[in-house]
């Protein structure tokens, strides 16, 4: 018999009650650092001296990082201190849509940032003409529209499944893999669809990023001055670091083979993806970029 579910219960990060308060204060601290760090990046990149496409994209990335953490972390913090860890059916739909939308948009944005670096290194004399304000805004809008299409499709087909119970989601937020585990219908076609969507959303932008950096490396090797080569590569290393972190965590979450402990591993990876990486991004870009560091010091 099929039962109409009106809500779900999130099991959270750990089933050990003695760890709840420690997890709460740790995650609360990390979330605070995420907000402070990314807000500082937004303020710094809005400074007139950093009025360049690269910093415009970085500001959008920081906004997406704040949004990703804010969709997941506040509810998780409430559940850590409350005995009622339920989330309504519409709330679960909304959370899944937002998580997928933000994740997909970030990936497309990383590809746009790679294109920006490609134009800056390979066509420096035409950079200002090619990467004008209109193109930058168009690329960001295209990333958002693409992320929205991916999210609408993924969310729609997940919630067309029949959920017969139990209603407990073995996760700390509504995501596709744990929701599929609750379905009483055959999910094998949907699992194949996840792999296809992961390849589309992660590996297609990743291939474009690799292609851009292949051209960038080729151009850097043609520079005669070692100092100029180092300076040029340093402007790209921060972006490469962020891409590597996102690719590793995203791939392991959605392409990891099923096993007895895979769900606990996915929880840790999802926590890194939604909480830790948004905290690291401001550090990666500020520590590796002299201009951003100087403006941040003035802002602080």
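Any Cβ shown, glycine's included, is placed from N, Cα and C.
Going by TrEMBL, these are the annotated features:
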- 22-44: transmembrane segment (TRANSMEM)
- 37-285: domain 'G-protein coupled receptors family 1 profile' (DOMAIN)
- 56-74: transmembrane segment (TRANSMEM)
- 94-115: transmembrane segment (TRANSMEM)
- 135-159: transmembrane segment (TRANSMEM)
- 194-221: transmembrane segment (TRANSMEM)
- 233-256: transmembrane segment (TRANSMEM)
- 268-287: transmembrane segment (TRANSMEM)
Go through 56-74, 94-115, 194-221, 233-256, 268-287 and flag the stretch with the largest number of C-beta pairs under 8 Å relative to the transmembrane segment (135-159). 94-115
Non-local residues, at least 6 beyond the ends, that sit with Cβ under 8 Å of the transmembrane segment (22-44): 13-14, 50, 58-59, 62-63, 65-66, 69, 73-74, 76-77, 80-81, 275-276, 278-279, 281-283, 285-286, 292, 295-296, 299-300
Any residues 6+ beyond the ends of the transmembrane segment (194-221) with a Cβ under 8 Å from its own? 103-104, 107-108, 110-111, 114-115, 117-118, 121-122, 150, 153-154, 176-177, 180, 229, 232-233, 236, 240, 243, 247, 250-251, 254-255
